[in-house]
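J.: Straight from TrEMBL, here's the annotation block:
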{"type": "TRANSMEM", "residues": "A:7-24", "note": "transmembrane segment"}
{"type": "TRANSMEM", "residues": "A:76-97", "note": "transmembrane segment"}
{"type": "TRANSMEM", "residues": "A:118-144", "note": "transmembrane segment"}
{"type": "TRANSMEM", "residues": "A:156-182", "note": "transmembrane segment"}
{"type": "TRANSMEM", "residues": "A:194-216", "note": "transmembrane segment"}
{"type": "TRANSMEM", "residues": "A:236-255", "note": "transmembrane segment"}
{"type": "TRANSMEM", "residues": "A:267-293", "note": "transmembrane segment"}
{"type": "TRANSMEM", "residues": "A:305-329", "note": "transmembrane segment"}
Amino acid sequence: MFGIELSLVWAVLIAVAVFLYVALDGFDLGVGILFPFAKNARERDQMQAAIAPVWDGNETWLVLGGGGLFAAFPKAYAALMPALYLPIFLMLLALIFRGVAFEFRHHGRERGRKLWTVAFSGGSIAAAIAQGLVLGGFVQGIAIEGEVFVGGPFDWLTPFSLLVSASLVAGYALLGAAWIVFKTQGELAERARRWVKQLALLTALAMGAVSLATLGVDARVTERWGLTMTSVDWPVFIKLAPLPLLAGVILFLMWRGIEERKFLRPYLYAVCLFLIGYVGLAVSLWPFIIPFAMTPADAAAADNALQLMLCGALVMLPIILAYTAFVYWTFRAKVDDDAAYH
Amino acid sequence: MEWDALLLSRLQFAFTIGFHIIFPAFTIGLASFLAVLEGLWLLTKRAVFKNLYLFWVKIFALSFGMGVVSGVVMSYQFGTNWSVFSAITGSVIGPLLAYEVLTAFFLEASFLGIMLFGWKRVGPGLHFFSTCMVAIGTLFSAFWILSANSWMQTPQGWAWAEDGTMVATNFAEVIFNPSLPSRFAHMVLAAFLTTAMVVAGASAFALLRKKALAESRVALRMAVLMMALVTPVQIMAGHESGIVAGEHQPAKVAALEGWWTTRTQQPTVLIGWPDEEAERNHFELVVPGLGSVVNNAESEDVLPGLDQFAAEDRPPVWITFWAFRIMVGMGLVMLTLGIWGAGAWALKRLDAATWYHRALVLAAPSGFVAVLTGWITAEAGRQPFVVYGVLRTADAVSPVPAGSVATSLLFFIVVYSIVFSAGALYILRLIAKGPESDEPAPQSNQPPGTPLGAAIEEAP
């Protein structure tokens, strides 16, 4: 249609949708993860108010990611979903609790309120853990024969996926803390600044650990990076070395942003950090849509389906991004000191 | 019956969609109701409309939240439990679902934020615009999901590809498949009526308790108008839907009518006890010949009974038969209440008709019952196929162990019971409280934590 492979276009579009999900719902989930560290009910209210108007739109990117995978790559979807059955259901159940808690927390009385407070943070933590397990299970590859998943129900449960899971919890918490710095002020914002610093270090360590562990997942990854436990293939590695270096620079900038009391920058740097991890992952797994088993071309839907959807996406995505931006702009104020903006 | 992954996946899908469908059914109607209320308020500046809006928007927010979370579940279950279905039909209905996300979900989710929390941050025009966008989004969503579901009922515009998957030969035919127009109309009207029944019940309850009288009277009138005007149209839409099903899905119609033998002059079975072993109905009460008339057949036309279909190609008769009867029964309840209300209104007795108010309170859930049983009629009637006549449900299931599905099903039952009974409790509490009658004083110092509460107080 445009002289490039349609399946590739869709692979990129879905990758972008998933990244937008991580960057946006990541801070929603992060706020939930940090809920237990709030000092009192008022702080928890502030934290929730910082995300209440936008969480639903953020979560829709997850539906686009899942729905897009179904529509554009039905074979990949059909192989992946049964393989990751249990962590996906854990995620869905967790998202149910977390999603309803936004409204329910304000309708519950004494005990109900406590229950939905716990459900909100518990749901956020469990959703992050489950997404980490899904990602870990995905990266390590799944057992496929022909086009069908043939492994067991717990194949995804490995030390590797648990490590990815823990890292994602730390990373989401970092996004959440940086968002709290952006959206609140006073004591809570001060504390969130400290959280950002601590979580930035933790996330950096976790990303390093996951990166090293990913090298061990498959010989093809090791080859791509030119790194083994004992030797470095410098000509290969030097081309990719900017990625970890850039991560270091961003970490430094984030630190300075916090010291200089910038509002939005820590969050943007945190997103950049995720982006680097994401690109690193893409480099490791390229050209597979299911690691080491299926490429986008193998899994793609019929061309006319991809074309029809591309027409829709080319028209709708700019509109969606425009009104999403409008909604964020509408709620640009800090949640605490409402009056100052009106 | 074996408790394998197939049966468990079917139970899980039925359970999760049964829960899910009542929320969109309610919020589609409620979103339009809210748009009308806000429009009327901007037009007339009468406080009743604003008070009603602020009351129903709280209930909308609760229902919408529950619809969203149960809907996310639906979007992943195609892959987790019906992966073979996904792989085979992905190129045909995948784009329809993608369009649902692109045109509807983002629209609803984004503008909902402004609708609930944007009172002070945008002008009244933009706020009204946001309410309308949410309402339109719910309708778009209904269109695409019904297009996909209707294609599964009456598939056309597709062909087999070499690798055993389906491809679309004509997407216009896929999207505008034969059963879409009547089923879309039937579903949207069902959503409007479901909302009208709840609004009528809540308003009648408030009137019985002498609360928020001005608001309750206005809302009651709007609901009665909807019932009286839309129920007859809905019955016609349902009839049309049945005629289309008769052309394309004769086994479904035979099952829901309780016809075992192929013959002219089919009866209408009012009630009966279908027995799939004996291939007949016990204790049946019939009106001879009426079935053919209702199905637009001439007196010499032969209409197929279940004996035309091999036992393994028949839908579960008992479920389809009874679900259909309950749905029709609810429709008759709504029709009666609509006529009764219109009559009382014409005689200027609507506000004092205590018995009518009591009946409305009792009938408040009738829309939900009708939607659920209507959905069961449509979906159980499609069995044993997932794509009618083409792909069997048994051939569509994922290669997952029964243990995994049993676990997820068990957790769904527990979690849904907790979450949705809490939601129902909060909605009933709000209804019991009723709308605020007088304007709350605007406060400059907002409590940060109760966003919805704050949204209400921020309202101009």
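Even glycines carry a Cβ here, placed using N, Cα and C.
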J.: Please identify the stretch among A:7-24, A:76-97, A:236-255 with the greatest number of Cβ pairs below 8 Å relative to the transmembrane segment (A:267-293).
T.: A:236-255
J.: When you check the transmembrane segment (A:305-329) against the transmembrane segment (A:194-216), do you get at least 3 Cβ pairs under 8 Å, counting only pairs 6 or more apart in sequence?
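T.: Contact absent: fewer than 3 Cβ pairs fall under 8 Å.
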J.: Counting only CB pairs under 8 A, let me know which of A:7-24, A:156-182, A:194-216, A:236-255 has the most with the transmembrane segment (A:76-97).
T.: A:156-182
J.: Establish whether the number of Cβ pairs under 8 Å between the transmembrane segment (A:118-144) and the transmembrane segment (A:156-182) reaches at least three, counting only pairs separated by 6 or more residues.
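T.: Result for the transmembrane segment (A:118-144) with the transmembrane segment (A:156-182) is yes.
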